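Q: One structure, as structure tokens, below. Some questions next.
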Amino acid sequence: MSAERPVVLIGPMGAGKTAVGKRLATKLGLPFRDTDEAIVAAHGPIEAIFAEHGEPWFREREAEAVAEALAAGGVIAPGGGAVLHDGTAAGLREHDAVVVLLEVDRETVAARLVGGRRPLLAGGGIAEWERIMEARRPRYAEVATLRIDTSGRSVEAIVAELVGRLRPAQPGSSTGSEGN
């Protein structure tokens, strides 16, 4: 697997971007970059950023973190709303990233997010997740190269499918990156 094309895992909260990304990076021998972790390291807890500066300020910092991660390469897990920023979406195209949409159903999300601290879900629960997902769905579809359903599946099963589907998406392959 060539490290020339970054692999970017997108999708809603609870889809498994971080868990799948870490395991995928290990399997491929590539670095893993979680942009939320980079933002927290530079600016403090995301909940505090939202409270103090608001979502637009956070999205700008997130776009910067994604741009840095794309330049460095590897397997990248941005936040669920990162692709809403036009600069981030453009950066994915400019870096010829393989953008994998991790899809998930509401039941799986409900099980995964129990007790979590997600600023955009505060007080709204699964209904808020569904509202956010519906609003983001068109942008996810626009930027995705591949789609994988993570609903009710183990990280190992998701990574195994992803590795098989990524191989043709890398440079030097005789097949293209289609596979939605």
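In case you wondered, yes, glycine gets a Cβ from its N, Cα and C as well.
Small disclaimer: the values here were computed from a predicted structure and weren't measured.
Features from TrEMBL:
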| type | residues | note |
| --- | --- | --- |
| BINDING | Gly14, Ala15, Gly16, Lys17, Thr18, Ala19, Arg118, Arg153 | ATP binding site |
| BINDING | Thr18 | Mg(2+) binding site |
| BINDING | Asp36, Arg59, Gly80, Arg136 | substrate binding site |
Q: Across all protein chains in the structure, which of the binding-site residues Lys17, Arg59, Arg136, Arg153 has the highest Cβ count within 10 Å?
A: Lys17
Q: Please work out the number of neighbouring Cβ atoms within 10 Å of the Cβ of Gly16 (ATP binding site), leaving out its own Cβ.
A: 24
Q: Under a criterion of Cβ-Cβ distance under 8 Å and sequence separation of at least 6, what residues of the same chain contact Ala19 (ATP binding site)?
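A: Residues satisfying the criterion: Val155.
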Q: Among the binding-site residues Asp36, Arg59, Gly80, Arg136, whose Cα is within 10 A of the Cα of Gly14 (ATP binding site)?
A: Gly80
Q: Using Cα coordinates, what distance in whole Å links Thr18 (ATP binding site) and Asp36 (substrate binding site)?
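A: Thr18 (ATP binding site) and Asp36 (substrate binding site) have their Cα atoms 10 Å apart.
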Q: Here's one to test understanding: among the binding-site residues Ala15, Gly16, Lys17, Arg153, whose C-alpha is closest in space to the C-alpha of Arg136 (substrate binding site)?
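A: Closest recorded candidate to Arg136 (substrate binding site) by Cα: Ala15.
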Q: Widest Cα span across the substrate binders Asp36, Arg59, Gly80, Arg136, in Å?
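A: Per the listed residues, the maximum Cα distance equals 18 Å.
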Q: Which number gives the other C-beta atoms within 10 angstroms of the C-beta of Asp36 (substrate binding site), all protein chains shown included?
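A: I get 17 for this one.
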Q: Filter the binding-site residues Ala15, Lys17, Arg153 down to the ones within 10 angstroms of Gly80 (substrate binding site), Cα to Cα, kept in sequence order.
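A: Those close enough are Ala15, Lys17.
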Q: Measuring Cα to Cα, how far is Lys17 (ATP binding site) from Asp36 (substrate binding site) in Å?
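A: It is 11 Å, counting Cα to Cα.
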Q: Restricting to the chain of Ala15 (ATP binding site) and a gap of 6 or more, list residues whose Cβ falls under 8 Å of its Cβ, or answer none.
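A: Result: Gly80, Leu102, Glu103, Val104, Val109, Thr150.
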